[in-house]
Amino acid sequence: MAVTDSTVVFISGVGKGIGAGIAKLYLSRPHHIVIGSVRDVSTPSVAELKASPTAPPGSKLLLVHIESTSSTDPAAAVEAIRAQGIDHIDIAIANAGAMPSTVPIEEVDTKDMLENYHINAIGPLLLFQALLPLLKKGTEPKWASVSTTAGSIGLVDPLAAWILPAYGGAKAALNWLTAGIASSQKEWMTTIALHPGLVQTGPGNWVAQKVGMGDKAPVTVGDSAASVVKLIDGLTKESNGKFYNAVDGTEVPW
């Protein structure tokens, strides 16, 4: 099967955690080309991803380098994608992000705010801009921004999200940008934001401990990844511009 007949999925941040889990699920499907961005191709977690069980017919993994704080990496990654003969993207998942600061709102400083904003909001925006020409050639293209309920302005008080002002504020900015993409590109692309659940990653476990949920977050990486893929599979034009909890499929207030 030619590349033009394959479903091409781009996932940022596949080096570990949810991104790696999502990549493995798409790679298990026939005729899926999975393009994953990583910061460092030499890490053990990336080696594990590359050593995943042999993909079915017509499926393969392509890794590209993107550092979330770089203003040039996304465009360079697109050139690397084109060099492999790939001329379209059907699904783009802006998953890469970080929670580098856990300083409360009473103490958070400018450096923490700017670092989070650059990684979690500007990075996905630059990725969207770089991938746009390839998305326009996709079949019923979809864009999903991996956000968090901590970025929901409507849930700041119920979730006590003010314990993560830099992270939550940056994700709120990502939500605004996602809504902007959904509105401006609604004629041809379905765009959503999604909350992947409180997942058993380093940041997820920290939050679980902070709010008294125990040592580990309630959602495994595998279950989160499966929920994200299921949600994206079921998207329709009517889904455009919405913010979903991937775990249960419900809408999250912006």
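In case you wondered, yes, glycine gets a Cβ from its N, Cα and C as well.
Record check, Swiss-Prot: NADP(+) site residues include Ile18, Ser37, Asn95, Tyr167, Lys171, Val199, Thr201, and the candidate from Glu67, Glu140, Glu238 also listed there is Glu67. A C-beta separation below 8 Å, combined with a sequence spacing of at least six in one chain, links Glu67 (NADP(+) binding site) to Arg39, Asp73. Under the three-state DSSP scheme, Glu67 (NADP(+) binding site) falls in the coil class.
When every Cα pair among Ile18, Ser37, Glu67, Asn95, Tyr167, Lys171, Val199, Thr201 is compared, the largest distance found for this NADP(+) site is 23 Å.
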